[in-house]
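As annotated by Swiss-Prot, signal peptide applies to 1-16, with the evidence given as sequence analysis. According to Swiss-Prot, the N-linked glycosylation site annotation covers N125, N300, N312, N328. Feature annotation from Swiss-Prot assigns active site to S162, D394, H446.
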Amino acid sequence: MKTLLLLAFFVGVTCGEEIKDLPGLDFEPNFKHYSGFFQVSDNHVLHYWFVESQNEPSNDPLIFWFNGGPGCSSLDGLLNEMGPYVANEDGKTLRENEYSWNKMASVVYIESPAGVGYSYATDGNITTNDDLTSLENYEAVKQFFTEFPQFRHHQTFIMGESYGGVYVPTLTARIVDGQKDFPINLKGMALGNGYVNEKLNIDTSVRFAYGHGLIDEKIWNTLERDCCRGCIDSCDLTQVTGHCATLVEDIFQFLWFGGLNPYDLYRDCDPNPSVNSKRMKHMLRGVAPAMAHFDELLKNQTKTSLYQFLKNKSQSQKPLKADVPCLNDTEMLSYMNNPKVRKAIHIPFNLGKWDICSDKVTTTYQKQYTDMTPFIKKIVKNHVRVLLYYGDTDMACNFMMGQQFSDQLGLRRTLKKTPWKYDRQIAGFKTLFDGLSFITIRGAGHMAPQWRAPQMYYAVQQFLNNHPL
C-alpha cells in the first residue's frame, strides 16, 4: 500500500508535463504536446496525451478522443489514426501524418477506463461499468480544463469510435447535465462506427453479410421462410431459437472465424500466424461476446434466445481465444514500451507494460446500456450537434446499424440519403436530421480515419466548422 501511495503521489507531480523530446520523430513538431495523469477518483488514475493545434491553438476547437473495446487504448487513435505522428513498422520511429486532426483542432487522447494503457488503479481494483466510466471521464475533462485553463472557453467536441459509441454519448450527456455547475463550451459529439444499439448490430450484421455475398441463398431463404415468416427485413434475429438460432450462429461464426477481416471486409488479415491481435479478443468480448461460445449455445439452443445467450456470455469471465490475427499492433507495442519513450512521456518507472487492450478491463467491465437512444435524444435536444460516421466495409459495427439507429430516433429528416464528395469523387452518403448527421465513408472499415484519412479529415473539418458536407 505504501508503494501505491508513493506511486499516486509521483503521478500527481507529473500531471501536465510538456513532452520536450519524443524519441523516433522524423520531423520537428511545430506544436506543443503533453503527457500526464488525472486522479479521477479515490483509486483511479487516467493517463492522457494532449497535442495542441498546429494552426491556431489559442482559437481552434478542442477534441476529447476515446477509443473503445471496452478496454482498448485511445493512443491507438493517436498513433494509428488521426494523430500528428504515426508509428512505423520498425517500432522505433514515428512519421508525420499529413492528415492529422491537430492541423485543425487541439486533441486530448484519454486512456479510459483505469487499467487501460498507462491508466491504473492505486489499489489494483479496476472494476467499472458504463456509468462509472462516464463519471470518471467527466472528471478527467474537468481536470483538463483546470490544468489548461486557457482552453476553457474553446469550442469543445467529444469524439470516439467502436465502444466509444457508449463512452461518448454517456459522457456528453453528463456534460450537458453539469453545465450549470461546470460550464463547458460544448458544441458537438461524433462517433465513428459506434456501437450504439446491441440488438440492431446483431440483426444488421446478418443482413450485411447477405448483401455482400457471404451467405448461401438456400440458407438465406430458409432463414426468411422458417424463422421470419417471410419478412426478414423486420425480423428480430436476436430472439430466434432452435434451428433458427443455429443458422444465425453459423453466419456469425463465418464472419468472425472464416478468414475474413471483421474490421474491414475487403482488407486482408495479417498473414503472420504468430500475431494474435488483442483488439480481436476485445471486439469479440465487447460487441460480439458470444462468438467464441457457439458449441455451448448449440447445446442450449432450445432453452434460450440468441440475444439472451449473448447477454449472458458478455458477463462471463472465461478467457477468449481469438483465431483471426487480422491486425498487427506490434509496432505500437514496441514503441510505447521503449524505456526512452516512457521517460519522455513521464511514465513512472514502476508502472507495468503498456498494451493496446487490457484483458482484465474487458473481462471485468460491466455493460449497463444496450441502446444509446435516450442519450442521443438528450444531447440533440440540448442543441449539441451530432455526427455519426461509419466506414461501409466494417462488419464489427456495420453502417446499417448506424443508419437504422439514426432513422429510429424520431428526428425530423432534413435531407434524404445523398452522395457527398471529396476531390470530385463520391466519398460516401449522407442523411441529415434536425441536430444529427449520419454519413458513410465509402471503402473504409472500422478505423475510417486510418484507412480513408483525406476523406475523414475533410468530413471532420466540415463538422467542426458547422459547414455542410
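Quick reminder: no glycine exception, Cβ is built from N, Cα and C everywhere.
Given the structure is predicted, the values throughout are model-derived calculations rather than measurements.
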If you measure D394 (active site) to S162 (active site) at Cα, how many Å is it?
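That separation, Cα to Cα, works out to 11 Å.
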Compute the C-alpha separation of H446 (active site) from N125 (N-linked glycosylation site), stating it in Å without decimals.
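Cα-Cα, rounded: 31 Å.
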With every protein chain in view, what's the tally of Cβ atoms within 10 Å of the Cβ of N125 (N-linked glycosylation site), excluding that atom itself?
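Around the Cβ of N125 (N-linked glycosylation site), 12 other Cβ atoms lie within 10 Å.
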Count the Cβ atoms, other than its own, that fall within 10 Å of the Cβ of S162 (active site), considering every protein chain shown.
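Step by step: centre on the Cβ of S162 (active site), count other Cβ atoms within 10 Å, giving 30.
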Taking only the Cα atoms, work out how far N328 (N-linked glycosylation site) lies from N125 (N-linked glycosylation site), in Å, as a whole number.
29
How many whole Å apart are the CA atoms of S162 (active site) and N125 (N-linked glycosylation site)?
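Cα to Cα, S162 (active site) and N125 (N-linked glycosylation site) are separated by 25 Å.
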Mind checking which of N328, D394, H446 has the fewest other CB atoms within 10 A of its CB? They're the recorded positions.
N328
DSSP three-state call for N125 (N-linked glycosylation site): helix, strand or coil?
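DSSP call for N125 (N-linked glycosylation site): coil, neither helix nor strand.
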Which state, by DSSP, holds N328 (N-linked glycosylation site): helix, strand or coil?
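Assignment for N328 (N-linked glycosylation site) reads coil.
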